[in-house]
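What follows is a single structure, written as structure tokens, with notes after it.
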Amino acid sequence: WPERNWTNPKEFVILGFSGWPQGLQVLLFALLLPLYLATLAGNLLILGLAVMDSALHTPMYFFLGSLSAVEVAYTLVLTPRMLAGFLLPPGGQAVAASTCAAQMGLFVALGGSECLLLAAMALDRYLAICWPLYYPQLMTSGLCWCLLASCCVGGSILALSLTTAIFQLPFCHGGLVNHVFCDLPAVLVLACGNRDLQEHVLLAACLLLLVLPLVLILLSYTRVLLVILGLGGAEGRQKAFNTVASHLTVAVLHYGCATAMYARPLHSRSLEEDKLISLIYINLTPLLYPAIYTLRNRDMQGALQRVAGQSTPGSV
């Protein structure tokens, strides 16, 4: 495209699935809305129990409650606008360029914070199981808050860097975003000029934020599993194994989906396939997190019973 056609559009149009038949879009809305409400309710339940029940005032549930809070914000940023797109007339949703940049920045900041939080949770379980005698002195309340702040700051810095790097480019392919939200690759393919720097920055960020923490988590939990297998009591071993299995399942789901989506060069992508995959990692994957943590966790189940018992008149 010649440079005279380069421009900075004042608005972008998120196409979503506007090219699909209207009946199919309404059906998707009817299927995905209950999933979204269940995800929101599940994460708010975990966050509320972690705050209200004194038995859960431990580092593990501090990070779990923080993870649920990030998940609530993550789904609020993406899902309502995506669901609204199913009910709008054909042609997509027009959003201001600043709104598109804000959505991209919040998505990256929250997703990056979640990646780092999962690594912090792995560190907590490693210290609790491999260094039990030193754990109360090591994992203090101050350290928990410092780790949480570091995760949020790290995700925010990454989001600011990537969003600024992409939106400083001129755009010559119009403002039609072939996705359900202002995702990084979907906006980057609209840019003109030399996009190599931005693409390399995106791949480097994926390597730093996805692959490296996942390797550290797997190494940490490998060490934890070896220690668990050497524990004497079967009950303690089973409880520790269930906790680690829940954390590891969530980590593999999160890092696996994110790596499959973003650790690829632009020329090997199909935006239509990315849109379909986004339905899974926006709607289905976040729903599995509270299900895994609440259904497999006896402490959460006990806290829920205690809170429910306190709210029932005449209960003991």
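Glycine too: its Cβ is placed from the backbone N, Cα and C atoms.
Automatic, uncurated: that is what TrEMBL annotation is.
Keep in mind that this is a model prediction, so the values were computed, not measured.
Pulled from TrEMBL:
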DOMAIN    42-293  domain 'G-protein coupled receptors family 1 profile'
TRANSMEM  26-49  transmembrane segment
TRANSMEM  61-84  transmembrane segment
TRANSMEM  104-123  transmembrane segment
TRANSMEM  143-167  transmembrane segment
TRANSMEM  201-232  transmembrane segment
TRANSMEM  244-264  transmembrane segment
TRANSMEM  276-295  transmembrane segment
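Here the transmembrane segment (143-167) has Cβ contacts under 8 Å with residues 59, 62-63, 66, 97, 101, 104-117, 120, 123, 184, 187-188, 191, 197-198, 201-202, 205, 209 of the same chain, all six or more residues outside its ends. Residues 17, 56, 64-65, 68-69, 71-72, 75-76, 79-80, 82-83, 86-87, 279, 283-284, 286-287, 289-291, 293-294, 300, 303-304, 307 of the same chain lie 6+ residues outside the transmembrane segment (26-49) yet bring a C-beta within less than 8 angstroms of a C-beta in it.
If you count C-beta pairs under 8 angstroms between the transmembrane segment (244-264) and each of 61-84, 104-123, 201-232, 276-295, the highest count goes to 201-232.
Here the transmembrane segment (201-232) has long-range neighbours at 112, 115-116, 118-119, 122-123, 125-126, 129-130, 158, 161-162, 165, 184-185, 188, 240-241, 244, 247-248, 251, 255, 258-259, 262-263, 265, meaning same-chain residues at least 6 beyond its ends whose C-beta is under 8 angstroms from one of its own. Only sequence-distant pairs (6 or more apart) were considered; of these, fewer than three Cβ pairs between the transmembrane segment (104-123) and the transmembrane segment (276-295) are under 8 A, so the stretches are not in contact. The average pLDDT computed for the domain 'G-protein coupled receptors family 1 profile' (42-293) is 84.
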